[in-house]
Amino acid sequence: MRTLQGWLLPVFMLPMAVYAQEATVKEVHDAPAVRGSIIANMLQEHDNPFTLYPYDTNYLIYTQTSDLNKEAIASYDWAENARKDEVKFQLSLAFPLWRGILGPNSVLGASYTQKSWWQLSNSEESSPFRETNYEPQLFLGFATDYRFAGWTLRDVEMGYNHDSNGRSDPTSRSWNRLYTRLMAENGNWLVEVKPWYVVGNTDDNPDITKYMGYYQLKIGYHLGDAVLSAKGQYNWNTGYGGAELGLSYPITKHVRLYTQVYSGYGESLIDYNFNQTRVGVGVMLNDLF
């Protein structure tokens, strides 16, 4: 653990170091949004003060899983009748609280991401929601153009993340994290790394880092109009983790056809220690680019 803390300290200090490189930072707040940059997008001024911005991807897909974690939801009176096919959707939005808090390329922001697994076809049990994860964040972000070895560092973000399924015992799952998010691009490639440090009480899931690790890695590739994506988390000490692959293609100006495959542990909080493979297809409103 001391080794991990020693590694994380410089990571969490990196945002301030990058911000200090004033010579490499351009004023992007009044320029066209940088492709794939969450922070540059949030720095765009709009006439409507209530404008919300996409944070993570927003999608709705119909899915089928290889196995269902009925043991974790045994306290639900419909658990034995739970189905393997579900509608999975994610809503993820951000709002700039204070643009320019530490210079023209900085923003104090908040985001909210909700991911749900809905037993839509289970009409005999009134189509219940098997699991919903609620993930609010408060963060400080910087839009940069720091270049290294052909890559351009676009987003530097550090903040506080709360992730919970909003349930009471015995199905309550939650954890709190301090995190840093770094996003860089190189041509059609996008790479994002998000290390975190768990804080507070994890009594509901004391071994969650065993399966979820201490970071998330995300990779995107723009292939013509299509976007290929991969993201995952892994604990090198335990050998547990999970990965998600995605492919999207535009079908209208604002809607994309989306296919997703998730395999491993941690697809949801209730399944953080459960191994499965889920395949889904549906629509998406925004991808990584």
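Yeah, the Cβs are placed from backbone N, Cα and C, and that goes for glycine too.
Because the structure is a prediction, the values reported are computed rather than measured.
Taken from Swiss-Prot, the feature signal peptide applies to 1-20. Residues annotated as topological domain 'Periplasmic' in Swiss-Prot: 21-52, 100-105, 251-255. The transmembrane segment annotation in Swiss-Prot covers 53-65, 85-99, 106-118, 129-148, 151-164, 174-186, 189-198, 217-223, 226-234, 242-250, 256-265, 275-286. Feature annotation from Swiss-Prot assigns topological domain 'Extracellular' to 66-84, 119-128, 165-173, 199-216, 235-241, 266-274. Feature annotation from Swiss-Prot assigns Ca(2+) 1 binding site to S126. Swiss-Prot lists H162 with the feature active site, proton acceptor, giving a curator's inference as the kind of evidence. Feature annotation from Swiss-Prot assigns active site, nucleophile to S164. Summarising the annotation, Swiss-Prot assigns Ca(2+) 2 binding site to R167, S172. The feature Ca(2+) 3 binding site is assigned by Swiss-Prot to D204.
Feature annotations (Swiss-Prot) mapped to structure.
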residue: S126; record: Ca(2+) 1 binding site; DSSP class: coil
residue: H162; record: active site, proton acceptor; DSSP class: strand
residue: R167; record: Ca(2+) 2 binding site; DSSP class: coil
residue: S172; record: Ca(2+) 2 binding site; DSSP class: coil
residue: D204; record: Ca(2+) 3 binding site; DSSP class: coil
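Counting other CB atoms no more than 10 Å from each candidate's CB, the recorded positions H162, R167 peak at R167. With a cut-off of 8 Å between Cβ atoms, the residues of this chain six or more beyond the transmembrane segment (189-198) that come close are 5, 8, 11-12, 36, 151, 155, 161, 175-183, 208-209, 214-222, 288-289. Of all the recorded positions given, namely S126, H162, S164, D204, those whose Cα is no farther than the 10 Å limit from the Cα of S172 (Ca(2+) 2 binding site) are S164, D204.
Note: the stretches the transmembrane segment (53-65) and the transmembrane segment (151-164) are not in contact (fewer than 3 CB pairs below 8 A, sequence gap of 6 or more). For S126 (Ca(2+) 1 binding site), the nearest of the recorded positions S164, R167, D204 in terms of C-alpha separation is R167.
Counting only the Cα atoms, the space from R167 (Ca(2+) 2 binding site) to the residue listed as 'Ca(2+) 3 binding site' is about 10 angstrom. Note: the Cα of H162 (active site, proton acceptor) and the Cα of D204 (Ca(2+) 3 binding site) are spaced 14 Å from each other. Across the binding-site residues listed here (S126, S172), the residue whose Cβ sits among the most other Cβ atoms within 10 Å is S172. Most Cβ pairs under 8 Å to the transmembrane segment (106-118), among the stretches 85-99, 151-164, 226-234, 242-250, 256-265, belong to 85-99.
Proximity of distant same-chain residues to the transmembrane segment (275-286), defined by a Cβ-Cβ separation under 8 Å and at least 6 residues beyond the stretch ends, is recorded for 54, 57-69, 88, 248, 251, 254-265, 267. Counted with DSSP, the topological domain 'Extracellular' (66-84) comes out as 3 helix, 0 strand, 16 coil.
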